[in-house]
Amino acid sequence: AGAFLIPYLIMLLLCGIPLLLMEFTIGQFTCLGPVHALAKLCPLLKGVGVATVVISFLLCTYYNVIITWALYYLFNSFRSTLPWQSCNNTWNIVKNCSDGLPGNTTHLRSASQQYFDYRLLKMSNGIEEMGNIRWELFGLLLLAWIIVYFCIFKGVKSTGKVVYFTAIFPYLILIILLINNVQLPGAKNGILFFLTPKWSKLLEVQVWVNAAAQIFNSIGIGFGTMMSMASYNRLKNNVLKDTLIVAVTNSATSIFAGFVVFSAIGYMGHQQNLPVEDIATDGPGLVFVVYPEAFVTMSIAPMWASLFFFMLLCLGVDSQFAMVDVMVTSLMDAWGKNLLQFLKRKEMVVLVVCFVAFMLGIPNITQGGIYLFQLMDHYTAVVSLLFLAFFEVVAICWFYGVRRLSAIYKEMLGVPPNLFFKLCWWFASPLLVTVILVSSIISYTPARYGKTYTYPSWAEGLGWIISLCSIIWIPLGAAHTLYTSKGTFTQRLRSSVTPVTDVIPTESQDLMVRLKSGIYKPSCSAIHFDSIDLPK
């Protein structure tokens with residue numbers, strides 16, 4: 001874990017913060033979601049904007065399953081004895097059930113692992129056996145989408161009110177959990193494992209790929225969420241301040257949560273007489289297996305469990321409504337008037353988006369759904385995301401250009417961006433994203449579930465199809481731009497990398513804004529590339 005912190009912080013400094021500032025700047029200036037903003041900045045790569053919306057929508061279809069699991073654990077935490085506490089339950093396979101984590105003993109599974117596998121999921125033997133729908137999870141998935149809908153159905157007004165609670169309350173719980181955890185025996189070992197780097201790990205490509213994916217996923221780069229949210233800002237809003245607040249708060253929270261998690265893992269290692277590395281895991285196992293196992297040995301276990309899973313619910317909803325808003329914003333940017341004529345109210349547009357995402361998420365709550373969940377997560381949140389981040393950087397930093405990007409930044413804030421950000425936009429961010437993308441392709445490893453299950457070849461093919469659902473829009477968008485442009489191929493190529501209206505604001509120009517009624521956000525007072533009136 002310590003080896004992960006170094007690449008994580010490097011990626012944050014050289015990619016995370018600069019690219020977040022880039023997305024905020026573009027979203028606030030154009031007052032548009034990613035689809036239309038990128039179409040205006042670089043017509044050749046307009047498909048990148050569509051791809052970001054598609055990847056956000058794909059992600060939100062299965063991400064709400066995590067909220068579903070959190071709800072299931074939350075409701076089952078209000079008991080005097082936690083249901084994953086022992087092996088004496090109807091769902092347990094007693095002969096290979098262990099009271100406590102079994103370490104590297106492959107034939108044994110902990111009571112919490114069996115609860116996750118056989119009670120929550122009732123999982124099958126593989127993706128070939130999808131089995132029946134888990135109706136308990138179906139109802140909770142529906143509840144999760146109802147919660148998300150009522151958080152965002154009124155737009156930024158309702159979202160803004162909800163986020164005060166969902167963003168602040170988890171900090172209170174994290175502080176309470178940390179105070180409790182550091183007093184437990186063995187907590188120090190877990191924290192030292194978290195902080196102590198293993199220098200040999202820095203030579204492994206996968207560590208850097210995971211660090212990049214973590215930065216992009218946690219901050220929201222490449223998903224279109226940040227661009228969509230920034231499109232609601234006013235022209236003179238301080239995007240640099242917003243960038244630093246979001247990036248630093250996000251990473252500080254992640255590191256703080258690391259102390260909470262690894263202090264508990266250290267305690268578990270002490271209780272089970274196991275080294276920390278045998279307990280630390282990734283994916284759903286950490287949240288729904290290891291941590292619930294830790295609660296069992298704490299005093300007032302139901303209270304700690306219910307607090308933890310309620311915190312998880314808040315964090316999940318927070319991320320979920322941001323991804324749903326990307327789809328809603330893009331639909332309203334493209335067909336706002338037509339949609340409102342048919343559906344009458346924006347609330348109905350949000351309802352339709354939530355309903356479609358709910359229906360597409362149902363396969364993930366079948367008995368074989370966990371395998372589909374893991375497959376989608378691998379090919380959406382890692383593989384596709386790196387491709388999209390690369391092409392987004394190319395479109396904005398190289399084709400649109402740092403000179404134009406700096407000019408619109410200066411128009412909004414009154415001063416040009418710092419030299420550090422210009423250097424990152426020119427060299428550091430594109431170079432790092434390119435190296436990581438190429439390295440990940442060279443050292444590609446197929447998706448897997450756990451330590452033993454490998455996916456059949458047809459499932460790997462399905463994973464690549466899922467990945468192509470977003471990536472394919474990039475070449476399709478480029479082909480459409482070149483086909484519809486006029487002139488020779490060279491002329492078409494040159495025009496396709498030029499902004500639709502190449503306006504570079506200067507201090508001497510009194511740029512006026514003329515909002516397009518019914519399409520653009522009423523709260524936005526940004527400059528639109530195709531709606532600028534220059535005084536004579």
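Any Cβ shown, glycine's included, is placed from N, Cα and C.
Automatic prediction, not curation, is the source of TrEMBL annotations.
According to TrEMBL, the feature transmembrane segment maps to 6-26 (among others). With a cut-off of 8 Å between Cβ atoms, the residues of this chain six or more beyond the transmembrane segment (6-26) that come close are 37-38, 41, 197, 202, 207-208, 210-212, 214-216, 219-221, 226-227, 230, 239-240, 242-244, 246-247, 251, 389, 392-393, 396-397, 405, 408-409, 412, 417, 421, 424-425, 428-429, 432-433.
The transmembrane segment annotation in TrEMBL covers 47-75 (among others).
Among the features that TrEMBL reports, disulfide bond is placed at C87-C97. For C97 (disulfide bond), the same-chain residues 6+ apart in sequence whose C-beta sits under 8 angstroms from its C-beta are C87, L108, R109, S110, A111, Q114.
Taking Cβ pairs closer than 8 Å, the transmembrane segment (133-153) reaches residues 64-65, 67-69, 71-72, 120-122, 159, 162, 166, 317, 320-321, 324-325, 328, 347, 350-351, 354-355, 357-358, 361-362, 365-367, 369 in its own chain, all 6 or more past its ends. TrEMBL lists 133-153 (among others) with the feature transmembrane segment.
Residues annotated as transmembrane segment in TrEMBL: 162-179 (among others). If you look at the transmembrane segment (162-179), the same-chain residues 6 or more away from its ends with a CB under 8 A from one of its CBs are 151-152, 253, 256-257, 259-260, 263-264, 304, 307-308, 310-311, 314-315, 317-318, 321.
Annotation comment: TrEMBL describes 207-232 (among others) as transmembrane segment. Non-local neighbours of the transmembrane segment (207-232) in the same chain are 3-4, 7-8, 10-12, 15-16, 19-20, 23-28, 30-35, 37, 49, 52-53, 55-56, 59, 156, 201, 239, 242, 246-247, 250-251, 254, 322-323, 325-326, 329-330, 381-382, 385-386, 388-389, 392, 432-433, 436, 439-440, 521, 523-524, 526; each lies 6+ residues outside the stretch with a CB under 8 Å from one of its CB atoms.
As annotated by TrEMBL, Na(+) binding site applies to S218, N250, L315, D318, S319.
Under the heading transmembrane segment, TrEMBL lists 244-268 (among others).
For the transmembrane segment (303-328), same-chain residues at least 6 beyond its ends with a Cβ under 8 Å from one of its own Cβ atoms are 33-34, 52-53, 56-57, 59-60, 63-64, 66-67, 70-71, 73-74, 77-78, 82, 144, 147-148, 151-152, 159, 162-163, 165-167, 169-170, 173-174, 176-177, 180, 220, 223-225, 228-229, 287, 291-292, 295, 346, 349-350, 353-354, 357. Residues annotated as transmembrane segment in TrEMBL: 303-328 (among others).
The feature transmembrane segment is assigned by TrEMBL to 349-373 (among others).
Residues 19, 22, 26, 38, 41-42, 44-45, 48, 51-52, 55, 58-59, 62, 209, 212-213, 216-217, 221-223, 422, 425-426, 429-430, 433-434, 436-437, 440, 447, 463-464, 466-467, 470-471, 474, 497, 499 of the same chain sit 6 or more residues outside the transmembrane segment (379-402) yet have a Cβ under 8 Å from a Cβ within it. What TrEMBL records for 379-402 (among others) is transmembrane segment.
Counting only same-chain residues 6+ beyond the ends of the transmembrane segment (423-442), those with a CB under 8 A from a CB of the stretch are 11, 14-15, 17-19, 22, 205, 208-209, 212, 382-383, 386-387, 389-390, 393-394, 397-398, 402, 405. What TrEMBL lists as transmembrane segment is 423-442 (among others).
Under the heading transmembrane segment, TrEMBL lists 462-483 (among others).
At the 8 Å Cβ threshold, with sequence separation of at least 6, the transmembrane segment (462-483) lacks contact with the transmembrane segment (244-268), having fewer than 3 such pairs. Through the fold, the transmembrane segment (244-268) approaches residues 1, 5, 8-9, 12, 16-17, 20, 101, 171, 174, 177-178, 181-182, 184-194, 214, 218-219, 226, 274, 276, 279-280, 286, 290-291, 293-294, 297 of its own chain, all at least 6 residues removed from its boundaries and within a Cβ separation under 8 Å. Long-range neighbours of N250 (Na(+) binding site) (same chain, six or more residues apart, CB within less than 8 Å of its CB): S218, I219. Shown in sequence order, Y63 are the residues of the chain, 6+ apart in sequence, with a C-beta less than 8 angstroms from the C-beta of S319 (Na(+) binding site). Other Cβ atoms within 10 Å of the Cβ of L315 (Na(+) binding site) number 21 in total over all chains.
Summary of the Na(+) site environment: with the site residues S218, N250, L315, D318, S319 set aside, the chain residues having Cβ atoms within 8 Å of the Cβ mean position are T253.
Listed in sequence order, V163, T166, A167 are the same-chain residues at least 6 apart in sequence whose CB falls under 8 Å from the CB of D318 (Na(+) binding site).
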